[in-house]
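This report refers to the structure that appears directly beneath it.
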Amino acid sequence: MRKTKIVCTIGPASESEEMIEKLINAGMNVARLNFSHGSHEEHKGRIDTIRKVAKRLDKIVAILLDTKGPEIRTHNMKDGIIELERGNEVIVSMNEVEGTPEKFSVTYENLINDVQVGSYILLDDGLIELQVKDIDHAKKEVKCDILNSGELKNKKGVNLPGVRVSLPGITEKDAEDIRFGIKENVDFIAASFVRRPSDVLEIREILEEQKANISVFPKIENQEGIDNIAEILEVSDGLMVARGDMGVEIPPEKVPMVQKDLIRQCNKLGKPVITATQMLDSMQRNPRATRAEASDVANAIYDGTDAVMLSGETAAGLYPEEAVKTMRNIAVSAEAAQDYKKLLSDRTKLVETSLVNAIGISVAHTALNLNVKAIVAATESGSTARTISKYRPHSDIIAVTPSEETARQCSIVWGVQPVVKKGRKSTDALLNNAVATAVETGRVSNGDLIIITAGVPTGETGTTNMMKIHLVGDEIANGQGIGRGSVVGTTLVAETVKDLEGKDLSDKVIVTNSIDETFVPYVEKALGLITEENGITSPSAIVGLEKGIPTVVGVEKAVKNISNNMLVTIDAAQGKIFEGYANVL
C-alpha cells in the first residue's frame, strides 16, 4: 500500500467526471480547490462531482479549500502589459493608476509604511526585481530602481522579501470563501500567506462560530511565517510547505533546508504536512517528469512529508492523469527504499514522551519486531491513527472509524487507509468490528498477524491507551468458555481415554465428547480442552477451571466436526475456537 498521500488541484483540465475518476483511480487522496480563481458556483460544481465519483468508486476522497489570502498584487497596466527596463526608475504608487513604464500601483496601501530605502520589491514571482530608492509619504509613492528587465502584466503578484508587512490575517473574500467551505462541508482549509498565529486564529474563530470541524493547514510562504513556525503550529492541525512564494520571499538556495526543518517540526508534533509547488511542473507540458523532479518528490518523502501536491500539473496541464501516476510511482519506489528500523529509531528520539506517544512507540516497535501485516486503529477522531503514523511503521495502518468526516481527514495522514464502519461502542464490539473491517479491506487475510490499537473506554477522543496483538483466523466452533485464557495448539480428537495414552500432549488441544476422572492426568498435560458436554458444573468445566486450562464446553458435534492435527486457537474468554493462529493476547 502506498503510504504517501497525493493532493491534486482540480481545475479546467481535471473537473470532468471522467478525469476525476481517472485521478482517483491513479491515486488522488485529496482534491484541492484553489479559491484564488473561480466562483463559488464553479467550486460547488467541482465539489459535487468529486463526491459523486468518489461515492460511485467507493473511495474516500477529502476536499481541501485553498484560500486566496491577503496577497499583494499590481493593478492593471495600460494595454494590459508594460515593459520595465533595467537601469530605469519606476514609481510604485499607493493610489490606483493605470500602469505605465514610469508608474504603476499596488493593492496594498500600507506598502509605503512597511518598506524602507534599500528594501527589495519583487514582481511576478520574482521575475522583476526593484530596489527602493526614495519614499514620498505625501504623494504616497515609492521610487525604485529597476534591477532587471521584464514584462509586467495586470494583477501580478508582489513580494517584499525580508519585510514584515501589516496585512490582515484573512481578507473579507477569504472569510466568505471559508463560510462557503463550511456550508459545503470541506475537510481542510489551506490558509495562504500565514505570518503569525493570530492569522490562524482568525480562521478558527469563523469555524467555531459555525461549529465546523475543519482542519486548518497554514501555508508557510514567507520569512515571517518561517520565524513564527513554532507558535503557528501550536494553533494548527497541519502545515503546507508552499515553496512557490517562499522561493521568492527567501533566497531559493535556502528553500530545501527550510523545507526539511518545517517537515521535521511537523513530524515532531505528529501533525500532517503537505509539500507543494512545482513538484512535477514540467508535466504541465510533457508526459514524462524530469529526473530532477523525481528526485525532488522522493527527497520530500525522505524528509518525512505526509503528502505531496500537484498544482498546475492537474489543474491546467496536458497530462493530469499521467502526473498522478508518476507521483504515485515515485512515492512507492521511495517508500520501498526506506530503512524503517532506522526511521522508527529516529522518530522515537524526535518525539516527546507522553502516555499516548508511549502507546504509539510500542505499537510501531511491536509491528516491526513481529513483522505484522497491518495495524488496525479503531478511532473516533483520527487521533489514534495519527499517533501511530507519527512513528512511520512499515505495516499498513487501517483506521476504522464510524465517522465519514474522520475518515476523510485521515486521507492526508501518511500510511493511513481510512475505512468507515459503524458499530457498537463496547470494547469487545470495537475489537471484533476492527478485525472484521481489516479483513474486508483485503489488506489482511487468515493467518496474518495484526495489531489492534484503540482508546478505552471507547467513544472518547484522545484516549489511545490500548494495544492488542491478533492473528486472523476463521471461527470454526463456539460454546461456553471456562476462564479467560487463550491458547494455540494442535487438536487431538479422543473418543476414549485410550486415544490419549502414550501421546505427547504438550502442544495438544484435546477434543472429546466428555471426560471423567480417567482423563484428568492427560488433560493436565494438554494446552487446552474442547468438549461437547454442557454446563459450567460439568466435569470438563470443573477440571478446566481447577487446572487453569483454557476450556470450551458445550461445543456441538466437536468430535465429528473438528479434525485431528488441526492448528486451532481457543479463546476461552469468548468461548470461541478459531482455525489457525488467531490469538488475542
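Each Cβ is built from the backbone N, Cα and C atoms, and glycine gets one as well.
According to Swiss-Prot, the protein has these features:
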- Arg32, Gly244, Asp245, Thr277: substrate binding site (BINDING)
- Asn34, Phe35, Ser36, His37, Arg73, Lys156: ATP binding site (BINDING)
- Asn34, Ser36, Asp66, Thr67: K(+) binding site (BINDING)
- Lys219: site 'Transition state stabilizer' (SITE)
- Glu221, Asp245: Mg(2+) binding site (BINDING)
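Thr67 (K(+) binding site) sits 5 Å from Phe35 (ATP binding site), taking the CA atoms of both as reference points.
Proximity note: of the listed binding-site residues (Asp66, Arg73, Lys156, Glu221), Asp66 have a CA within 10 Å of the CA of Arg32 (substrate binding site), given in sequence order. Residues listed for substrate, Arg32, Gly244, Asp245, Thr277, cover a largest CA to CA span of 18 Å.
Fewest other C-beta atoms within 10 Å: among the recorded positions Arg32, His37, Lys156, Lys219, that description fits His37. Cα proximity to Gly244 (substrate binding site) (within 10 Å) is found for the following binding-site residues from Ser36, His37, Lys156, Glu221: Glu221. Glu221 (Mg(2+) binding site) has none of the binding-site residues His37, Asp66, Lys156 nearby, counting only those with a Cα within 10 angstroms of its own Cα. The two recorded residues, His37 (ATP binding site) and Thr277 (substrate binding site), show a Cα separation of 17 Å. The two recorded residues, Asp245 (substrate binding site) and Lys219 (site 'Transition state stabilizer'), show a Cα separation of 10 Å.
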